[in-house]
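For reference, Swiss-Prot has these:
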BINDING   269, 272, 304, 311  [4Fe-4S] cluster binding site
């Protein structure tokens, strides 16, 4: 087993509801609703779908006082920590703090006067909630646009440090920071520069990354690269897609880097003429059937005996394709044969049984350690 070479950057630990961000806390996955916030039922349903996908933190846009009231109703109906996304009107921030927001996403620079910022910080302090400073390349201050000519890593850093200085002067330190851009290199440059200046947790993201496929690729490159350098404490994959898809992709990135496990790590061959069954159809069916599982485990499904045994030995459950019967490996050892035309049903049964065994072992360990 190759040792994971990633060493995370030391950061402060803050809290977003029941979820810790930074320090030794696991890298958390976030998403954001795209429903009308005032449509409480639709927003709650979307948050629940993200919760089912494993999301740690959800962000909800609150553009008006009417939306703030709706936010309060949403807060009562979901258990996932909620970040209220607020711009321009500090009164909305004060309202959602009263309604139970777990974090306020603001730019201190567009909330208004120093007095208004002080009121928002006082409300956050009173309610024990955190703040996220969100800097975006598309909304840089005009003087920085003039100074740098275009969005640059240095420009994003300077904007972030301005906002950080405001909170520092108010002796408020329960905050995380993001410096997002839609360009991969600009995003990475900005976060690298920021990570050298502060020890606050960093919220990673490529803003307006694009539609599902291209946005996934851009996010995987930028955020994966930063994570490999130890930069990042929480992340959102911003896609023109369903929020629950953002969650799944976020976990896939973390799983691929060995930083966090959530559900099944599927290992499958791309298939070729050697395959003894239709690998693509089998994997599509398994992914759909097993998407409810959150217990970490490795499942290897290889269509022939060329690479199948080697991959199977490294997985919790491994399948080596053959006809009419395929070979099953359990925990790296040969186990038994199964009918190849019954693969999907057989694999699902084995996975669910393995999940049961893992969870029972965890429960016994908890009982032993607490006795």
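Using the three backbone atoms N, Cα and C, a Cβ is placed for every residue, glycine included.
Counting only same-chain residues six or more apart in sequence, the Cβ atoms lying under 8 angstroms from the Cβ of residue 311 ([4Fe-4S] cluster binding site) belong to 267, 300, 302, 318.
The Cβ neighbour count for residue 272 ([4Fe-4S] cluster binding site), using a 10 Å radius over every protein chain in view, is 10. Note: the [4Fe-4S] cluster site is recorded as 269, 272, 304, 311; in the same chain, 270, 271, 274, 275, 279, 302, 303, 306, 307, 308, 321 also have Cβ atoms within 8 Å of that site's Cβ centroid. Of all the Cβ atoms in the protein chains shown, 20 others lie within 10 Å of the Cβ of residue 304 ([4Fe-4S] cluster binding site).
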